[in-house]
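**Q** Questions regarding the structure given below will be posed in turn.
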Amino acid sequence: MLPPPKSAAVQIVRPPSPSSEKAKEKEKKHSPEKRETAQRICRNVMIYGYCKYQDQGCIYYHPPAGADPSTPQNSSPVAHAPTPSAPTPLAGTPAREKPTLSIEHLAAPVFVPKGLDSSPRASTPSVPTPSAPTPPVWPSLPSTGLLPRQDVQVSAQPSHAQLSATASPMAYDDPSHIALSAAHAHAQAQALTHGILDPHAHAPPVDQSMYLPPRQPLDYNLYAAPLPSIGGNPLYPTHPHAFFVSDDLRRAIQAKQEAVYAGANGASAPGLPQELGVYHSLIPLPLPAPTAQCPPTQSQPSKVYGLPSPVYRATSEVDGNTYCLRRVEGFKLVNQLAFASMDTWRRMRHPNIVGLKEAFTTKTFGDNSLIMVYDYHPLSTTLYDEYLSPNPPEPSPASALANQPPKRRSSPPERILWSYVTQIANALKAIHSSGLAVRNLDASKILLTGKNRIRLNGCGVWDVLAFDNKTPVQAFQQEDLLSFGKLIISLTCDFFQPTLPFSLPLEHISRHYSSDLSNLILYLISKPAQGQIKSIDEVVKMMGPRILNELDAVQSYADVLENELGAEVENGRIVRLLTKLGFINERAEFELDPRWSDTGDRYILKLFRDYVFHSVGVDGKPILDLSHVLVCLNKLDAGLDERVMLVSRDDQSCLVVSYREIKHCIEAAFNELKNAGNNHRVHR
């Protein structure tokens with residue numbers, strides 16, 4: 001009678017050598033009578049249902065088809081444990097009776113051909129579902145989630161039908177799928193014995209060659225094609241400059257950045273206070289000419305406000321940004337409620353309105369002055385200076401003798417005029433919706449901050465200067481619409497004067513402009529009917545189709561800017577290249593290492609550095625040519641096949657290599673340095 005085992009699970013291990021005494025004792029312990037090796041059942045048959053090496057010289061016993069594999073020939077009876085019934089096998093699998101599996105059969109060895117170097121290990125069969133389809137040819141990784149309850153058959157040992165139904169032929173043909181660790185097989189045996197499956201104890205992943213390789217990083221030295229809306233435009237040529245930011249946009253951005261710090265030397269202009277609250281470095285705008293005779297503190301009265309209102313540029317100590325300070329001289333505060341609307345103006349952020357930051361009074365200039373702080377837009381001009389200001393008289397004797405009045409600038413085209421009208425109406429819509437009014441809609445107070453981009457300036461000044469809490473705000477909004485109509489007439493008619501009637505300008509507009517513009521102007525300047533008021537909403541409805549044209553222009557310009565930005569996304573490629581060269585060349589810790597110093601790739605990179613940065617002219621003076629450096633580094637980054645001759649410092653040897661080969665040298669040397677590097681090394 002066999003002694004009771006310590007555990008219900010039996011560890012599947014490599015069968016010991018027959019010459020070992022330990023193997024003999026173990027065989028006597030588990031079997032009452034010794035059997036021949038030829039009568040020992042192959043463990044592949046007991047576990048998988050068949051043996052793929054049966055016709056290849058397997059020395060163990062393989063029962064015929066239809067016979068019970070648990071009953072080999074000339075074997076003595078061994079106690080078997082009853083096994084519950086297994087699920088129905090898949091189609092194509094020969095049906096077998098309810099087999100049983102003994103402990104002795106689990107200890108049977110596995111036949112492995114001599115050509116396989118790996119140790120014989122059993123693969124882990126998966127538990128099938130009763131209605132599982134035929135396993136696909138492509139093996140899938142086992143799921144790590146919990147198995148359904150109906151998929152787990154609580155039994156002491158799995159049946160042969162279960163093991164054979166889930167066996168994938170492809171998995172058995174590959175030795176990597178057969179070979180599992182002994183620990184993994186032991187864990188699976190324990191799980192099957194106790195009726196518990198560990199969903200996380202799955203087989204190793206399949207061969208990595210069966211999957212797609214990981215995605216390689218992009219080659220940032222290759223320039224992508226422009227956007228479809230830009231590339232298909234015949235007005236956008238594909239010349240070499242199209243790969244970089246356009247010259248016009250670069251000049252405009254650089255000019256605005258220079259204008260922010262123009263004339264700023266850390267101090268205010270002469271005659272101005274060094275500090276004004278939290279603002280310093282006050283510079284008058286526009287910058288006075290060098291030949292100006294009057295000091296910057298003297299200014300003429302404003303035609304809009306009636307008081308001198310000079311403008312300064314200053315820097316804030318709070319955030320370091322630059323702001324525009326409008327000073328109204330001789331201001332007398334009558335009512336403290338005059339600043340009540342400033343909170344609403346500060347909260348208003350609109351693309352067509354110059355933002356107001358704060359407003360306060362001061363005596364720093366020697367008088368009572370009102371200071372209005374706005375956002376600063378460098379290199380801005382006004383619609384008055386752009387279209388309405390008279391041109392300087394031509395220096396000709398004929399014009400002087402004729403005493404001809406100066407001619408104003410030409411009127412804007414209707415397409416641009418509609419763009420201005422749309423933006424002004426957009427700003428008025430936001431202001432009137434907030435319960436405010438502009439009250440100073442004049443051409444001199446409308447900034448042109450970019451190409452056809454306008455912003456209303458000086459908002460909120462009249463709310464403080466002419467504070468009137470008795471007049472309803474709707475009356476001021478009606479004045480805004482009337483001023484809007486007069487502004488459009490002044491931009492379209494050369495001869496318009498505010499004192500003249502509107503009949504002549506309207507006749508001129510009807511002949512030279514569209515009827516939509518004439519109807520819009522007529523609505524703005526006409527008096528509403530009795531009991532009705534004009535509204536900016538009606539203005540927006542009248543110009544509805546024109547708004548779509550403005551929307552098209554805005555989106556097209558956004559595509560242009562996005563395309564320009566795409567050309568500068570990887571503008572740090574040269575810096576990364578220089579960084580790698582700096583890491584590689586002349587490392588102090590490798591000075592005594594003959595394998596690193598002046599040999600192989602490092603020597604080529606050393607000569608290339610001398611060629612790029614240490615060139616000397618005929619006169620022996622160093623050549624400081626930035627264009628030469630950029631051209632060489634860009635060719636190196638692109639890996640061109642162009643060849644360059646590198647000469648040693650003693651002029652005794654030279655190498656002719658291509659930029660592609662130099663780039664490969666950089667990558668090889670940098671990878672070697674990275675693999676041998678120590679992140680905890682302290683620089684000497």
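Cβ coordinates are placed from backbone N, Cα and C, and glycine is handled just like the others.
Since we're looking at a predicted model, the values are computed, not measured.
Pasting the feature list from Swiss-Prot:
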REGION    1-38  region 'Disordered'
COMPBIAS  21-38  compositional bias 'Basic and acidic residues'
ZN_FING   36-65  zinc finger
REGION    68-97  region 'Disordered'
REGION    112-146  region 'Disordered'
COMPBIAS  127-139  compositional bias 'Pro residues'
REGION    263-544  region 'Pseudokinase domain'
BINDING   R326, D375, Y376, H377, P378, L379, S380, T381, T382, S444, K445  ATP binding site
REGION    387-412  region 'Disordered'
COILED    545-583  coiled coil
REGION    584-684  region 'Knob domain'
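Each of the listed features needs to be described in terms of its position in the shown structure.
**A** Averaged across the region 'Pseudokinase domain' (263-544), pLDDT for the predicted model comes to 86.
Under the DSSP three-state reduction, P378 (ATP binding site) is assigned to coil, being neither helix nor strand.
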**Q** Enumerate same-chain residues with a sequence separation of six or more from T382 (ATP binding site) and a Cβ-Cβ distance below 8 A; give 'none' if the list is empty.
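**A** Residues satisfying the criterion: A443, S444, K445, I446, L447, L448, N457.
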**Q** Count the other Cβ atoms sitting within 10 Å of the Cβ of P378 (ATP binding site), across every protein chain shown.
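**A** Looking across every protein chain shown, the total is 17.
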**Q** Using Cβ-Cβ distances, find the residues under 8 Å from S380 (ATP binding site) that belong to the same chain and are at least 6 apart in sequence, listing them in sequence order.
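**A** Listed in sequence order, they are L447, L448, T449.
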**Q** Consider each pair of residues in R326, D375, Y376, H377, P378, L379, S380, T381, T382, S444, K445, all listed by the record as binding ATP, and report the largest Cα separation in Å as a whole number.
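**A** If we measure all Cα pairs in R326, D375, Y376, H377, P378, L379, S380, T381, T382, S444, K445, the largest is 17 Å.
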**Q** Which number gives the other C-beta atoms within 10 angstroms of the C-beta of Y376 (ATP binding site), all protein chains shown included?
**A** 19
